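Quick look at what TrEMBL lists:
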BINDING   D96, H134, R227, L228, D229, H336, D337, R438  substrate binding site
DOMAIN    49-475  domain 'Glycosyl hydrolase family 13 catalytic'
Amino acid sequence: MTPLATKLQDHLQRIYPGGDNSVLAKALMSAMAPAEPKEAPSELWDQQDAVLISYGDNLVANDEMPLTTLKHFIDERLSGQFSMLHLLPYFPYSSDDGFAVVDYLEVNPKLGDWSHVEDLGHRLELVTDLVINHASSRSLWFEQFIEDKEPGRHYFVTANLDDDLSAVVRPRTSELLKPVRTARGDEWVWCTFSHDQVDLNFQQPQLLLEMVRILRHYLDHGSRMIRLDAIAFLWKSPGTDCLNLPQTHEVVRLLRTLVDAYAPGSLLLTETNIPNRDNLSYFGNGNEAHLIYNFALPPLLLQALISGSAAHLKRWQMAMPPAPQGCSYLNFIASHDGIGLRPVESILSEQETQQLIEHVQAVGGRISWRNVDGQAAKAYELNVSLFDACHHPEFQLQRFLCIHAIMLSLEGIPAIYIHSLLGTSNDLDKVANTGSHRSINRHNWSWDDLQHRLNTPDSQHHQCFEGLSRLLKYRAQQEAFHPNATQFTLQLPEPLFGLWRQSQDRRQSIFAIANLSDRPQPLPLSSLNLIDTHPWRDLISEKELRDPLASLTLAPYQVVWLSNT
């Protein structure tokens, strides 16, 4: 037995104990058998890596496939800002803007085809969603489930009304179980999210094998990173909270083993919008996800802006462990979803969370809710465009760029949502049309309209794009901003927040310091212990520091990156 076969059987024994899993192990190896052995790259990432997050149709032009329009945007507007493109689900779907997949193996014909996807992959490394927890109620698999036909007849989770489901954790207020009439009689199917998104039954080994084949399909079409959507909810067991169960972690470990064997250098990203301690567990012992989202970062940065205090941000950052060897955080502030509140439930008080809610509502945003203990509703996420969330009568742009500069300073790989890059405001018309709060930050830009705005120097769109592009390009040149470079949280007086980063070869040091208030703040350089034998300069303003013992004055929401090289 090969080492890979032994490892797979160990995984399978923990997922499906008590049986002979040798046949399944062989099938998995066959599904992910490389045509020829490949060597892993010497380094998985560096400071030049950054991810652009976009739907396939965020940019729309007449007489052109949206994926072609996105390609033109990359060719014409991007030059060194990003190395990867997270192309949000581009498959045929029935709801949730792509996350209710009808066919996992095809490209949505309204966007383009596989050649368009591969073209994008030739420009930026692709990140593709494996929507692994659930499938569309209009998929062929679900039709087969209803008709009691293979292979889908057993692919979906069912439950009985007398099962103990009282502890199940969900991010929605809809009923967990949906009645369905099938050829076998009436069934209750499990719907963690919406009733159009029916949960897949991974207690069926054949389904696991099918998902592995789909994963390979994405890798073969040019994807470098696979995002495991909603993975924390994967395994269902009545009487538990059905969140982060041991079998879920073992499935992630199995997928990691297969991806490392089939395509060394390819990456797994887990999407687990849950309390921070649980989120960190998806690193495993360096044998689960290569990357996890830094989910606590968006609400903490927004709270710091609103309060003018770095206290929670600093306390949280000091408690964050470095990513294990071969792993990294994925840092972001905005995405296609809202700003999740679950990751900060143990960090912010109820009053502080309520202040966030009231601020978002005041700037035109919406709040999404979830059920707790089957009864009370609790705020789950803030739905708002990031630019509008940074509202200030005088310093809105400065606030917006400030929190991005902080995010770009942190250990990990940065990811920026296209609507942040473009400075898009709340799309309230789309919310009214779809009835979904999340539509507020999923605007579809007309290509001509966007070009006009990006070419208008005093527009918020031009200023956000140019400001973020400048920060991204500066960051990419700094070895101290390598995703795994040393990081230390500075002890600075309020309202300052600061980090010290040091390159892996220890040649470059950067002090990244932000003023989180709307008033000028003094920064005594003597408090940083700058080595006075080295010349220091601020990379952002490009100003040299002639006296390392002098005092700087940081303008409202100004960030400095003080570097010794």
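Positions of Cβ are set from backbone N, Cα and C atoms, glycine also.
Features as recorded by TrEMBL, highlighted on the structure.
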residue : record                 : contacts (Cβ under 8 Å, 6+ apart)
D96     : substrate binding site : F193, S194, D196, Q197
H134    : substrate binding site : A100, C191, T192, F193, Q197, V198, D199, L200, A230
R227    : substrate binding site : H86, V127, T128, D129, L130, L269, T270, E271
L228    : substrate binding site : L130, I132, V252, L255, L268, L269, T270, E271, A289
D229    : substrate binding site : F99, D129, L130, V131, I132, N133, E271
H336    : substrate binding site : I53, Y55, L88, D97, Y417, R438, N441, R442
D337    : substrate binding site : N273, E381, R438
R438 (substrate binding site): tally of other CB atoms within 10 A of its CB: 18
For substrate, whose listed binding residues are D96, H134, R227, L228, D229, H336, D337, R438, the greatest C-alpha pairwise distance in Å: 20
Where D229 (substrate binding site) sits in the secondary structure, as DSSP reduces it to three classes: coil
Model confidence over the domain 'Glycosyl hydrolase family 13 catalytic' (49-475), averaged pLDDT: 97
